Amino acid sequence: MGSFGHGSAVFLVASLVTLVGVCYGGSDAPRGVAMGFVFDPKAKCDPPCEHAGICIRNNTCFCSKGYEGETCKYANCYPKCKNGGICLRPGKCRCPPGYGGRYCHKVTCDGGCWNGGECTAVNGVAKCICPSSWTGSKCQEALCPQGCRNGGICVAPGICSCPEGWLGGACHTAVCTQPCLNGGKCISPNKCRCRPPFSGPHCEERKKSH
Ligand SMILES: *[C@@H]1O[C@H](CO)[C@@H](O)[C@H](O)[C@H]1NC(C)=O
């Protein structure tokens, strides 16, 4: 940074008074004295002031709004970035994985939580808390408390999709396209268990007795 000309020095002092005036809430103290620092137009700051900060004395920067630190290097975020977020530029946080929102104050679950699940931090890790009828990392899997038997698939809470040949809430009822006769029972698709003395695919035969 080179030295300032007279004109630019006046301009800078004027802008500083404006800035400080805001901070001091328009105090009646004489200008320049109330500021609490002397502006030196020949001041040198090395390393230079960043982010449009003004070098007011040797190695003293006056930072523009939103920045802080000796050389105005650091952006500040208000409210502060939460949960380990980093302030990228004034008011803009970069959040660590699992957090989101303007100030990283919200827990975010990758891919979201489905079916009414709620994203919550559990030991610092974002996790979906699922309603009782759903499970899985995103609450994407329905639960069938009755169980889905015989190769049935739980497709919605309490609802099984059954393979061919099976029916019922838990796919527990076999279907025999031809009925089992003489008190026989359909025990698996198209298979009858017959009551003695009957036999045959549909229990239609009576065993010969000796
Ligand atoms: C600021 O530093 C320069 C050299 O870098 C020096 O000549 C000057 O006197 C210093 N100003 C003050 C107010 O200390």
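Just so you know, glycine gets a Cβ as well, placed from its N, Cα and C.
The cysteine that TrEMBL pairs with CYS109 in a disulfide, picked from CYS104, CYS119, is CYS119.
Secondary structure from DSSP puts CYS186 (disulfide bond) in a beta strand.
If you take the CA of CYS194 (disulfide bond) and look 10 A around it, the disulfide-bonded residues you hit from CYS63, CYS109, CYS130, CYS139, CYS186 are CYS186.
In the shown protein chains, 21 other C-beta atoms lie within 10 A of the C-beta of CYS63 (disulfide bond). Remark: CYS119 (disulfide bond) has VAL107, THR108, CYS109, GLY112, CYS113, ALA126, LYS127, CYS128, ILE129 as non-local neighbours, by Cβ distance under 8 Å and separation of at least 6 in sequence.
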